[in-house]
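Colleague: If you look up Swiss-Prot, you'll see Thr10, Gly11, Ser12, Ile13, Asn38, Asn123, Glu125, Gly204 marked as NADPH binding site, on the strength of sequence analysis. Swiss-Prot lists Lys124, Ser150, Glu151, Ser175, His198, Ser211, Asn216, Lys217, Glu220 with the feature 1-deoxy-D-xylulose 5-phosphate binding site. Sequence annotations record features per position, and here Swiss-Prot assigns Mn(2+) binding site to Asp149, Glu151, Glu220 based on sequence analysis.
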Amino acid sequence: MKKISILGSTGSIGKQTLDVVRDNRDKFEIVAISANSNIELLLEQIVEFKPKYVTVFEENKALKLKEMLPKNIEIEVLAGMEGLKIISSLDEVDVLLTAVVGMIGLVPTLCAIKKGIDIALANKETLVTAGELVMKEAEKYNVNILPVDSEHSAIFQCLNGENKKNIEKIILTASGGPFRGKKKGELVNITKNEALKHPNWSMGRKISIDSSTLMNKGLEVIEARWLFGVEQENIDVVVHPQSIIHSMVQYTDSSIIAQLGCPDMRLPIQYALTYPDRMESSFERMNFSKFSTLTFEEPDLETFPCLKLAYECLKMGGTYSSVLNSANEVLVSEFLEDKIGFYDIPYYIEKTLEVHSSISEPTLEEILETDRWSRAYVANLIKK
């Protein structure tokens with residue numbers, strides 16, 4: 001039985017992870033869970049899955065959760081970053097699933113790696129901001145980094161049993177988001193509610209906005225570079241509106257291996273939790289007669305400049321990707337609060353990148369300092 005700790009159990013990926021566990025009680029045990037502030041749902045999860053530890057990032061909410069707990073439930077309630085670090089490095093945990101949004105996942109992930117705990121990674125910002133550092137640590141401590149993103153899970157599976165020296169290119173597929181086919185002039189006054197309507201996937205608010213700007217795909221390009229050790233010029237993005245092919249690998253002999261399946265995040269979650277094995281599931285099976293046509297097109301970098309910015313940051317190296325990520329987090333939050341427009345997101349990111357003095361091969365402290373600088377700088381830009 002695998003023992004699991006989940007960072008972000010009340011979010012979209014966290015809830016779907018618990019769906020997988022719920023259907024396979026004999027295979028998995030939940031040791032610890034965490035949330036930012038949604039203690040009502042967290043309490044329901046505690047009652048159902050009976051973890052030994054829970055962390056609430058907002059300390060006042062952690063105190064409130066303690067008051068809400070039924071007297072017959074024994075659980076250690078922790079708070080803040082310290083709490084996340086503790087539940088990420090418990091001796092009894094086999095797999096840490098990181099499903100928190102943003103930079104908050106980096107330090108706990110490194111804590112888990114140093115304890116030799118395998119990582120089921122749904123928090124792409126960890127590799128975007130500190131990919132080189134994280135992968136070196138994973139190699140040092142002999143830890144598996146198991147991707148939960150559908151695209152990276154697909155590539156991971158396509159590489160199984162293959163020699164990485166034979167990779168010619170990685171091909172990440174993108175749905176194109178809710179605005180595929182639109183031009184810039186049509187998107188200037190777009191609202192958050194329109195941007196949140198993803199055509200194929202059930203996702204959280206932040207990642208839904210990232211999908212609408214194609215920043216999500218840009219972050220995935222950076223993540224793929226570190227996860228699979230492939231240079232950026234060998235990572236392509238192709239828009240595939242049906243989201244049936246989740247990604248592909250082209251080899252030096254011209255062969256392409258692809259991973260297909262119905263759009264369901266529970267599949268890559270389950271694979272990450274059961275790796276290197278596969279486990280039966282009740283997930284929907286492919287009916288090829290329903291998909292008589294699979295289409296592909298080039299991404300429109302003029303309409304969706306965030307993808308281009310991500311490629312540029314990867315090429316420049318150093319801490320540029322960290323600035324890209326941090327600025328984007330701030331700007332997406334502002335957009336979701338109706339404080340800025342859709343195209344303010346790439347505009348302010350570019351302005352922040354222009355003044356950044358990059359650090360090559362940054363330490364953890366330098367990455368965290370870059371994150372703080374970027375957030376403060378872009379917040380100040382918006383105020384002006």
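Cβ atoms are placed via backbone N, Cα and C, with glycine included.
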Colleague: Say we define neighbours as other CB atoms within 10 Å of the CB. Which of the binding-site residues Ser12, Asn38, Asn216 has the fewest?
Modeller: Asn38
Colleague: Within 10 Å of Lys124 (1-deoxy-D-xylulose 5-phosphate binding site) (Cα to Cα), which of the binding-site residues Thr10, Ile13, Asp149, Gly204 do you find?
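Modeller: For Lys124 (1-deoxy-D-xylulose 5-phosphate binding site), the binding-site residues whose Cα atoms are within 10 Å come to Asp149.
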Colleague: Including all protein chains shown, what's the count of other C-beta atoms within 10 A of the C-beta of Asn123 (NADPH binding site)?
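Modeller: Other Cβ atoms within 10 Å of Asn123 (NADPH binding site): 27.
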Colleague: Please give the maximum pairwise Cα distance, in Å and rounded to a whole number, for the NADPH-binding set Thr10, Gly11, Ser12, Ile13, Asn38, Asn123, Glu125, Gly204.
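Modeller: The widest Cα-Cα gap among those binding residues is 22 Å.
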Colleague: Which residues in the same chain, at least 6 apart in sequence, have a Cβ under 8 Å from the Cβ of Asp149 (Mn(2+) binding site)?
Modeller: Leu121, Ala122, Lys124, Glu220, Glu223, Pro268
Colleague: Whose Cβ lies within 8 Å of the mean position of the Cβ atoms of Asp149, Glu151, Glu220, the Mn(2+) site, other than those residues?
Modeller: Lys124, Pro147, Ser150, His152, Ser153, Leu172, Asn216, Lys217, Glu223, Ala224, Ser247
Colleague: Measuring Cα to Cα, how many angstrom lie between Asn216 (1-deoxy-D-xylulose 5-phosphate binding site) and Glu125 (NADPH binding site)?
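Modeller: The Cα atom of Asn216 (1-deoxy-D-xylulose 5-phosphate binding site) is 10 Å away from the Cα atom of Glu125 (NADPH binding site).
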Colleague: Between Ser12 (NADPH binding site) and Glu151 (1-deoxy-D-xylulose 5-phosphate binding site), what is the CA-CA distance rounded to a whole number of Å?
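Modeller: One finds 17 Å between the Cα atoms of these residues.
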Colleague: List the same-chain residues at least 6 positions away in sequence whose Cβ sits under 8 Å from the Cβ of Gly11 (NADPH binding site), in sequence order, or say none.
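Modeller: Same-chain residues close to Gly11 (NADPH binding site) (Cβ under 8 Å, separated by 6 or more) are Ala35, Ala99, Val100, Val101, Gly204.
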Colleague: Quick check on the binding-site residues: of Lys124, His198, whose CB has the lowest count of neighbouring CB atoms inside 10 Å?
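Modeller: It is His198 that, of the binding-site residues Lys124, His198, has the fewest other Cβ atoms within 10 Å.
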Colleague: Would you count the other C-beta atoms found within 10 angstroms of the C-beta of Glu151 (1-deoxy-D-xylulose 5-phosphate binding site) for me?
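Modeller: Counting Cβ neighbours of Glu151 (1-deoxy-D-xylulose 5-phosphate binding site) within 10 Å gives 28.
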Colleague: Does Thr10 (NADPH binding site) have same-chain partners at least 6 apart in sequence with Cβ under 8 Å from its own Cβ, and which are they?
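Modeller: Listed in sequence order, they are Ala35, Asn36, Asn38, Leu41, Leu42, Gln45.
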